[in-house]
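*Asks:* Structure in C-alpha cells, see below.
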Amino acid sequence: KVFERCELARTLKELGLDGYKGVSLANWLCLTKWESSYNTKATNYNPGSESTDYGIFQINSKFWCNDGKTPNAVDGCHVSCSELMENNIAKAVACAKQIVSEQGITAWVAWKSHCRDHDVSSYVEGCTL
C-alpha cells in the first residue's frame, strides 16, 4: 500500500508515534517519505551485509526482523520481515518504536540526510490530525 501523506500522518498519530521519544510526527513523515515514499511494500537489498530493508520504515533484516535468509541476523523486533510490509502498519510502527528507543532517530540514514536540521513542518501541513 502506498499511503497518502495525510492518511499516513493520521495513522502514525493513531498508533502513538507523534512525539514518541521526542520525535515529532512531521519528522516521522519526513523519514518515511525518504525511506520508502510511504510505500509499505518497499524493499532494498544491501549487498555488503547481505541484508534487506523492509517496508515503510525500511527496517533492516540484519538487526530487526527475520526474513530467513540474512546471515547472522538478530531479529531484535521478533517479527518476520514480511509482516513489516503489511497494509496494516501496526507491527512496523511497534518495531520502529523499539528502534528509536534503543538507537534514536539517527538509526535512519534518510532522516540524517534529509530531515535533520530541516524545516519538516510541510510534511504535516494541511492535514487534519
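Keep in mind that glycine also has a Cβ here, set from the backbone N, Cα and C atoms.
As annotated in Swiss-Prot:
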type	residues	note
ACT_SITE	GLU35	active site
ACT_SITE	ASP53	active site
DISULFID	CYS6-CYS127	disulfide bond
DISULFID	CYS30-CYS115	disulfide bond
DISULFID	CYS65-CYS81	disulfide bond
DISULFID	CYS77-CYS95	disulfide bond
DOMAIN	1-129	domain 'C-type lysozyme'
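Give me the local environment of each listed feature.
*Replies:* Cβ contacts within 10 Å of GLU35 (active site), excluding its own Cβ and spanning all protein chains shown: 22.
Just so you know, the Cβ of ASP53 (active site) picks up 23 other Cβ atoms within 10 Å once every protein chain is counted.
Annotation for CYS6 (disulfide bond): same-chain Cβ neighbours under 8 Å, separated by at least 6 residues, are VAL124, GLY126, CYS127, THR128.
DSSP assigns CYS115 (disulfide bond) to coil in the three-state reduction, placing it in neither a helix nor a strand.
There are 26 other CB atoms within 10 A of the CB of CYS81 (disulfide bond), with all protein chains counted. The DSSP secondary structure for CYS81 (disulfide bond) is helix.
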*Asks:* Rank the disulfide-bonded residues CYS30, CYS65, CYS77, CYS115, CYS127 by how many other Cβ atoms lie within 10 Å of each Cβ and give me the one with the fewest.
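*Replies:* Counting other Cβ atoms within 10 Å of each of the disulfide-bonded residues CYS30, CYS65, CYS77, CYS115, CYS127, the minimum falls on CYS127.
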*Asks:* If I restrict to non-local contacts, at least six residues apart, and a C-beta distance under 8 angstroms, what lies near CYS95 (disulfide bond) in its own chain?
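*Replies:* Same-chain residues close to CYS95 (disulfide bond) (Cβ under 8 Å, separated by 6 or more) are PHE57, ILE59, TRP64, CYS65, CYS77, VAL79, LEU84.
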*Asks:* Do you know offhand how many angstrom separate ASP53 (active site) and CYS30 (disulfide bond) by C-alpha?
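*Replies:* If we compare the Cα positions of ASP53 (active site) and CYS30 (disulfide bond), the gap is 17 Å.
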